[in-house]
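Visitor: Okay, these came from TrEMBL:
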type: COMPBIAS; residues: 497-518; note: compositional bias 'Basic and acidic residues'
type: DISULFID; residues: C60-C63; note: disulfide bond
type: DISULFID; residues: C420-C423; note: disulfide bond
type: DOMAIN; residues: 16-142; note: domain 'Thioredoxin'
type: DOMAIN; residues: 337-498; note: domain 'Thioredoxin'
type: REGION; residues: 496-518; note: region 'Disordered'
type: SIGNAL; residues: 1-30; note: signal peptide
Amino acid sequence: MTKSSRVRVPIWFVFFAFSVFVSSFNAVSAESVLTLDHSNFTDAVAKHSFIVVEFYAPWCGHCKSLAPEYEKAASELVNNDPPIILVKVDANEEANKGIAGEFNVRGYPTLKIIRNGGKDVQDYKGPRDADGIVSHLKKQVGPASAEITSAEDASNLISGNKIYIVGVFPDFSGEEYQNFTDAAEKMRADYDFAHTKDSKFLPRGDAVNGPIVRLFKPFDELSVDFQDFHVDALVKFVEEASVPTVTVFNKDPNNHPFVIKFFNSPNAKAMLFLNFSDEAADAFKSKLQEVAESFKGKGISFLIGDLEASQGAFQYFGLKEEQVPLIVIQENDGGKYLKPNVAPDTIASWVKDYKDGKVNPYRKSEPIPEVNNEPVKVVVADTFQEFVNSGKNGMRTFHAYNSVITICNIILLEFYAPWCGHCQKLAPILEEVAISFQGDENVVIAKIDATANDIPSGVFDVKGYPTLYFKSADGNIVQYEGDRTKEDLIQFIQKSGKTEENKTEESKTDETLVKDEL
């Protein structure tokens, strides 16, 4: 199957087909949500134009919360004309993991809309309550673009807080109209589209004869026109024009779709955090708007966030409220740059310095521990490079206030999260392993809180907790993927920690012993 981030939308199959579907896959039950698995999934998808699939795990709390809403929505949607079918797959079941991998399922629940017999796949991006699921999926049925035949139609469709794209055409035919329809199909999961023959019906903008595309939005210039009807150009125009010059992050849910688009942007992300109730807030907003306008098209996007709504961001970046107002810039490779206690008039010059490469990177780090004498040593971001980069067969030390830690040949490093149950289970095992090597100054067992410290990108790929990495005496760094028992970890360290030189010496010793015995 070909999976894509955008999805073409056909008419759903008729009710008779649904009846055949149920009987064919033995899914008749009191539940409206049908259960599929590896034995019938491919056939089900191939036979139908439109299926909504939930990939779930039985132990997942979010899946349990979704289940009654998903079931309620399914019971209503099955009576739609045409019927809309919701199914589920236990992605935690070993036999179904191939399907989950094929659809890039990385968390639970993951919902996918699969169309055209599996040719087009998109992420479900709608609400998770029953009414929201029903409303969202009904909009995905039928033509991707609605016709506007009156000012009343336009008023009903084009709301004040949503993006809406309208094509104006003398006739609903020809290459421009077809390309507009194709672009609407491609983007319908994220945007609403309409078409009309009379621009006078539209609420904003000059009267035009077309062909032209007019995008309505609740920010900046409110409407903008476009006349390049190549599909790729239309997609690019919509994606770029639907992002505010400065995205607002607060507790208003109407802003959340724009925040998601901001973070999905390939640009570097400049974020100004301050208290919106502060008397200087308007001055900051005005100045940031000016700066954002001046950097348009230069690879950087801007957001202004209210302190009250930004606690998660503060925790993620390791920021402190006493640093507000502050600007933090995050690059897609993980690089971060920070300007605390910024003033409105210094925003422009600091962003320019960043673009010119004159600003040093910022690194989130816990404080270096004053005492580090436990069997499992504590590493933080500010000691990470010095700790790991000991060099081949190198023996060095670094100071942690009144503690001195030897930089050892062999390192087993755990990346953990304090809230992680698996990490908590592993902790006493690692301590036992560390104690068993206390007499060997060449071996160290260490840990780093990956939620409170920035981890260098590249070598270390930490996607879950706990993640264990091993550095041998030869300087090779590999992820440990074996069993996490005391015995297995000790055996791995003893076997993998030897240098090639040591292995050669052992081989020579073994040969000598054999000769002596002969």
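Glycine too: its Cβ is placed from the backbone N, Cα and C atoms.
Quick one: how deep are these features, and who are their neighbours?
Guide: Non-local contacts of C423 (disulfide bond) by the CB criterion (under 8 A, 6+ apart in sequence, same chain) comprise E414, Y416, A417, Y465, P466.
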Visitor: Let's check the environment of C60 (disulfide bond): how many other CB atoms sit within 10 Å of its CB?
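Guide: Around the Cβ of C60 (disulfide bond), 16 other Cβ atoms lie within 10 Å.
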Visitor: Looking only at C63, C420, the disulfide-bonded residues on record, which one has the least crowded Cβ, with the fewest other Cβ atoms within 10 Å?
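Guide: Fewest other Cβ atoms within 10 Å, among the disulfide-bonded residues C63, C420, is found for C420.
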Visitor: Please report the Cα separation of C63 (disulfide bond) and C420 (disulfide bond) in Å, rounded to an integer.
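Guide: Rounded to a whole number, the Cα-Cα distance is 19 Å.
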Visitor: To the nearest Å, how far is the Cα of C60 (disulfide bond) from the Cα of C420 (disulfide bond)?
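Guide: Spelling it out, the Cα of C60 (disulfide bond) and the Cα of C420 (disulfide bond) are 15 Å apart.
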